[in-house]
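Listed in TrEMBL for this protein:
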type	residues	note
COILED	412-439	coiled coil
DOMAIN	14-71	domain 'CTLH'
DOMAIN	208-645	domain 'Major facilitator superfamily (MFS) profile'
TRANSMEM	206-229	transmembrane segment
TRANSMEM	249-269	transmembrane segment
TRANSMEM	278-296	transmembrane segment
TRANSMEM	308-329	transmembrane segment
TRANSMEM	341-361	transmembrane segment
TRANSMEM	367-388	transmembrane segment
TRANSMEM	459-483	transmembrane segment
TRANSMEM	495-514	transmembrane segment
TRANSMEM	526-547	transmembrane segment
TRANSMEM	553-577	transmembrane segment
TRANSMEM	589-610	transmembrane segment
TRANSMEM	622-641	transmembrane segment
Amino acid sequence: MQESNVHPTISLHSLEARQQICETIRYGNALEAVHLMGELFPGLLETDHLLKFLLLQLHLLETIRAGRAEDALFFAQKLPLEVAEHTPEVTDEIQRTLSLLIYDDPLKCPFGALLEQSHRDKVARAFNEKIFKWTNEGLPSTGVNHLLKMMVWCQDELSKGKVQLYRMSGKDSAEVEAALTEKSPSKSPNHAVLTQLTRRAAITQIITAVVANITIISSGMGIGFPSIAMIELTNSTTSVVLTESNATWFASITSIMCPFGGLLSGYLLDKVGRKKTLYFINIISIVSWAIMSFASRTDSTTLFIQLIVARIIIGIAIGLSSTPASVYAAEVAHPNLRGRLTLLTAFCTAIGMLSIYTLGYVFKNDWRFVCMICGVFTIVSLLTVIPLPESPSWLVSKKRLPKAERCLKVVRAIKEDDHPEIRAELEALEQNIARFRSSQDGKKSKLDQLKKPEVYKPLTIMCTFFFFQQFTGIFVIIVYAASFSIEAGVAIDPFLSAVFVGLTRVVTTVLMSFISDKFGRRPPALFSGFGMATCMFGLAVCAMHPVKETSFSWIPTVLLVAFIFTATLGFLTLPFSMNAEVYPTKIRGFASGLTIFFGYTMSFIILKIYPSLVETIGNANVFILFGCLSMLGIVFVYFFLPETKGRTLEDIENHFRGNKSTAKPDVEMKTMLAAQHD
């Protein structure tokens with residue numbers, strides 16, 4: 001050091017802090033940047049109002065980017081007043097930013113470039129320069145000589161320590177030069193920075209999510225299978241039939257096993273990954289369909305044992321399938337697509353039930369042949385999963401970063417190596433998982449992790465949501481829809497009635513995907529609860545004043561279909577889709593599996609006690625009870641269910657952690673900046 005006559009003037013801590021702030025800005029997290037500025041460089045935002053404006057502008061741009069138009073409009077109304085007093089020179093920049101709100105697609109605005117990664121880089125460079133000057137870290141005027149002396153000293157010190165000096169490659173040198181000059185990588189037409197959901201990326205993410213959810217169709221078939229097999233199994237003219245008691249076990253054993261499948265789902269998702277879990281679901285489903293396809297035709301006892309074994313297996317598969325595909329879709333999808341894609345699980349379940357009802361209607365007296373068709377379909381489903389990329393989030397959690405990068409490039413439809421957007425997203429995933437790990441005291445168990453607010457809060461909310469899903473009568477109505485139609489005096493084939501119910505679910509699930517994407521989660525859930533309550537109270541009136549022999553005998557059937565319609569809009573589908581959104585990556589598999597376990601346990605309880613309830617208090621009072629619980633469900637949604645539309649998974653996690661900036665970003669942004677000024 002003395003030989004070189006060099007005395008370093010740059011604080012390593014300051015360098016790291018500056019780099020941390022710049023990386024935060026490059027990822028678009030203005031709120032975190034404000035927090036870091038106040039913590040690491042207090043006073044700078046107070047004196048530099050241009051930097052303050054840049055953060056306000058960045059926050060508004062990120063709100064627009066996330067598709068939160070109402071939040072952006074509210075914040076935009078305050079932006080001119082916030083900056084006009086101290087930075088009148090940015091008036092034109094304000095007008096350019098606000099013009100983005102005029103367009104349905106902000107990228108089509110003439111100033112759409114503000115939403116590109118290059119603008120984030122520009123803001124990061126401005127902060128880098130200001131912080132650099134503010135901390136007096138500049139090199140001496142004879143910068144080249146200083147650097148040469150520093151290099152000599154470093155080489156001498158390395159030689160003394162017998163440490164080999166690293167030789168940079170041409171690529172490394174280019175990266176260092178870019179970093180030193182704060183220039184972005186070359187942006188040729190083939191290396192454009194991805195900042196929005198491109199058409200190619202959207203198609204890729206939709207295809208991967210659809211393929212993953214094809215597995216769920218087999219589970220939907222398994223749910224509806226007793227409806228088409230029960231009549232032949234109990235009323236067959238042959239000697240191979242099930243007793244009434246055995247038939248009840250055949251129909252209900254699946255509900256008992258589903259919770260265990262839900263728990264196993266969490267373990268497999270975290271242990272072997274999302275893709276291999278889908279493999280496992282398909283394989284055991286194939287086994288179940290095969291057992292039923294070749295079940296005994298000569299001995300009733302053997303037939304019962306085979307059917308019970310098969311239904312236990314398919315019950316585990318159904319419990320398993322409730323989470324993996326939706327978790328996978330949530331982790332590979334862009335925030336603007338995630339709400340629609342996570343609803344694919346409910347849609348494919350509905351498709352499976354409609355398929356099995358239709359097959360039952362076509363092949364009324366041959367349920368074994370129907371099982372063969374289902375088994376062949378499941379084999380095809382297994383083969384389609386093979387080309388799917390693994391979830392990048394899971395790969396990052398297992399520290400398999402090279403493969404995570406490859407898979408992320410596939411789902412983002414990017415071919416270029418070392419792409420800025422891919423680097424930024426991987427870094428965000430790493431930081432999110434690292435933060436979760438660092439908050440643990442040693443190696444804690446899954447149960448210990450449940451004590452964290454970002455875990456137990458969404459867990460409590462989702463379990464409550466599943467409680468209302470089950471105890472408002474949704475699954476009860478689905479199971480007993482045909483018999484209710486018959487009791488009401490509607491002359492219709494029960495198999496055809498089941499097809500109508502299944503078709504209603506499919507159509508409404510498709511409609512729900514667009515409603516959820518446009519209105520979010522809370523408004524449809526509120527409407528769903530109101531519609532369910534109305535239908536239940538209507539059924540109660542019909543039960544108290546029978547219409548079986550009147551011209552109004554169609555009303556109970558209409559109310560049942562209307563109930564399925566409104567339930568599918570919210571309480572039937574949203575608990576499953578939101579279950580994939582609200583948990584941290586590291587524990588998402590376990591927590592979502594635990595939630596599914598709770599949900600299916602509630603399902604088993606209500607299906608078991610429903611006949612006793614009807615016998616004890618009567619149909620009318622049961623319907624009134626379901627209607628009242630639907631009203632309570634509305635209260636729960638209004639006060640406790642968070643909105644997840646347009647928010648990143650990290651943003652949702654921060655909300656439950658207690659970061660107010662996530663819950664009310666606009667207010668918090670201004671509050672934090674005001675605190676910097678005070």
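Cβ atoms are placed via backbone N, Cα and C, with glycine included.
The model shown is predicted, which means the values in this text are computed figures rather than measured ones.
For the domain 'CTLH' (14-71), the number of residues in each DSSP class (helix H, G, I; strand E, B; coil) is 48 helix, 0 strand, 10 coil.
Between the transmembrane segment (249-269) and the stretches 206-229, 278-296, 459-483, 495-514, 589-610, the greatest number of Cβ pairs separated by less than 8 Å involves 589-610. Counted over residue pairs separated by six or more positions, the transmembrane segment (308-329) shares fewer than 3 Cβ pairs under 8 angstroms with the transmembrane segment (526-547), which leaves the two as not touching. Stretch with the most C-beta contacts under 8 angstroms to the transmembrane segment (589-610), considering only 278-296, 459-483, 495-514, 526-547, 622-641: 459-483. Non-local neighbours of the transmembrane segment (459-483) in the same chain are 227, 450, 494-495, 497-498, 501, 529, 532, 536, 560, 563-564, 567, 571-572, 574-575, 578-579, 582-583, 591, 594-595, 598-599, 602-603, 605-607, 610, 622-623, 626, 629-630, 632-633, 636, 640-642; each lies 6+ residues outside the stretch with a CB under 8 Å from one of its CB atoms. Where the transmembrane segment (206-229) meets the stretches 278-296, 341-361, 622-641, the count of C-beta pairs under 8 angstroms peaks at 341-361. Segment contact holds for the transmembrane segment (553-577) and the transmembrane segment (341-361), given three or more CB pairs below 8 angstroms at sequence separation of 6 or more.
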